[in-house]
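One structure is given below, encoded as structure tokens.
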Amino acid sequence: MSNRALSVVVLAAGKGSRMFSTLPKVLHPLAGKAMVQHVIDTAMRLGASRIHLVYGHGGELLRERLARQYAPLNWVLQAEQRGTGHAVQQTLTCLRDEEDVLILYGDVPLISPDTLQCLLAARPQGGIGLLTVTLDNPEGYGRIVRLNGEVAGIVEQKDASEQQRQIKEINTGILVAGGEDIKRWLGQLTNKNAQGEFYLTDIIAMAWHEGRKINAVQPTRQTEVEGVNNRLQLARLERLFQREQAERLLLAGVMLSDPDRFDLRGEFRHGQDVSIDTNVILEGQVTLGDRVIIGTGCVLKNVVIGDDVIISPYTVIEDARVAARSTLGPFARLRPGSELEEDAHVGNFVEMKQARLGKGSKAGHLSYLGDAEIGAQVNIGAGTITCNYDGANKHKTHIGDDVFVGSDSQLVAPVTIGRGATIGAGTTVTRDVAEGEMIISRIRQFPLANWTRPVKKK
């Protein structure tokens, strides 16, 4: 394996017309992340010193989505799409003689660092490392031509003879070569072929005619080199990828009720004896402690969940923290900035945002708690609302320990309710409540004399 610096070229200029979308093909998501982001992340994990992104169709949108997250990218425009060789030619002024150059594709998202490390290690001095795969049905792919067992060239499907079309080893397009060599070969490319395009694959024959060795390497899994040209292929690749992730988690001790009905769209850390029911989606950065139970249909995004937490079905949690032994749902929602301390409970149809629920506190039913600091051992009655927005600004509600808030109460912020206070059902709180105080603001109940119920007109 070479000790030289590694430069990675990512080809991402294709329009993707078969996606039938205004979104550039490489920006379509797989497992919650744009396909091209998977490729860039892999290149970064390889320790690439420079990454050149060749873009074309939808370039402004591509730069808008990626430039901030991937500041070191070198953006290279391919104004006219004339083949893979032409795409890499656009980087000629960027490539250095003393580095190795690895070619990747923005629509081949699942290529792994392990496979690429093997490819880099296999590149012979002065030659090419080429990633190939053997398919039962190689229709549509460029075939690997061998002479005396050695790779001698690649012939594209449309240029292949009937005999060559019987070859089952195909080109993935992924290769690595020295900068000085690949620059020379790129300068020799022509478009004298059935497509009238500049094929990157032609450099294989050039290397062979120079007496250079081409070492072929195959990926660990075939899914690593599957490309995406339409939504059907993307959906199939998504399910294959999710199945692989589910199997990995099962082998690591996570209980998945059905591995075919689980989606992981980010990074997942977990403790022991975690149990996840069907149709659960984990997004972003998710951390689950020991013995966490997640019911069917839940969505967790960028969350930290403590030990022994039970999350009942159809609960949605985003950018929040839940401490040990808390319970949520069913149908609860924690929006960004929410936090539950130990042994807290958020029940059905309770929504929290920028709010903290203290140790042992409970909000069991049908409540909205926004911009609120709630102490320990507080009971929030059904239908309670913290009225945090005055039409222009948000305001805080502070609730001390051991407070009891009766059902159907409105707490108009900014307001503070002291420790041990009791709020009667149906009360609208507009002023601070002292410690231990009992308040009630609903009108006195009285009967209406001589009242009769209306009767429907016939």
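The backbone N, Cα and C atoms fix where each Cβ goes, and this holds for glycine too.
The annotation region 'Pyrophosphorylase' is assigned in Swiss-Prot to 1-231. The annotation UDP-N-acetyl-alpha-D-glucosamine binding site is assigned in Swiss-Prot to 11-14, Lys25, Gln78, 83-84, 105-107, Gly142, Glu156, Asn171, Asn229, Arg335, Lys353, Tyr368, Asn379. Per Swiss-Prot, Mg(2+) binding site is recorded for Asp107, Asn229. Marked as region 'Linker' by Swiss-Prot: 232-252. Swiss-Prot lists 253-458 with the feature region 'N-acetyltransferase', giving sequence analysis as the kind of evidence. Here Swiss-Prot flags His365 as active site, proton acceptor, drawing on sequence analysis. Under the heading acetyl-CoA binding site, Swiss-Prot lists Ala382, Asn388, Tyr389, Ser407, Ala425, Arg442.
The Cβ of Gly14 (UDP-N-acetyl-alpha-D-glucosamine binding site) lies under 8 Å from the Cβ of Lys25, Val26, Gly56, His57, Gln81, Gly106, Asp107, each of these being in the same chain and 6 or more residues away along the sequence. Most buried of the binding-site residues Asp107, Glu156, judged by other Cβ atoms within 10 Å, is Asp107.
For the recorded positions given as Arg335, His365, Arg442, the lowest number of other CB atoms within 10 Å of the residue's CB is seen at Arg442. Within the region 'Linker' (232-252), the DSSP-based counts of helix, strand and coil residues read 20 helix, 0 strand, 1 coil. For Ala382 (acetyl-CoA binding site), the same-chain residues lying six or more positions away in sequence with a CB closer than 8 A to its CB are Gly364, His365, Leu366, Ser367, Ser407, Asp408.
DSSP assigns Tyr389 (acetyl-CoA binding site) to a strand in the three-state reduction. Here the CA atom of Asn388 (acetyl-CoA binding site) lies 19 Å from the CA atom of Asn379 (UDP-N-acetyl-alpha-D-glucosamine binding site). For Asn229 (Mg(2+) binding site), the same-chain residues 6+ apart in sequence whose C-beta sits under 8 angstroms from its C-beta are Gly16, Arg18, Met19, Lys25, Asp107. Within the same chain, residues at least six positions away from Ala425 (acetyl-CoA binding site) with a Cβ under 8 Å of its Cβ are Gly381, Gly406, Ser407, Asp408, Ser409, Arg442.
Taken residue by residue with DSSP, Gly83 (UDP-N-acetyl-alpha-D-glucosamine binding site) is part of neither helix nor strand, so it is coil. Summed and averaged per residue, pLDDT over the region 'N-acetyltransferase' (253-458) gives 98. Here Asn388 (acetyl-CoA binding site) is positioned 49 angstrom away from Leu11 (UDP-N-acetyl-alpha-D-glucosamine binding site), judged by their C-alpha atoms.
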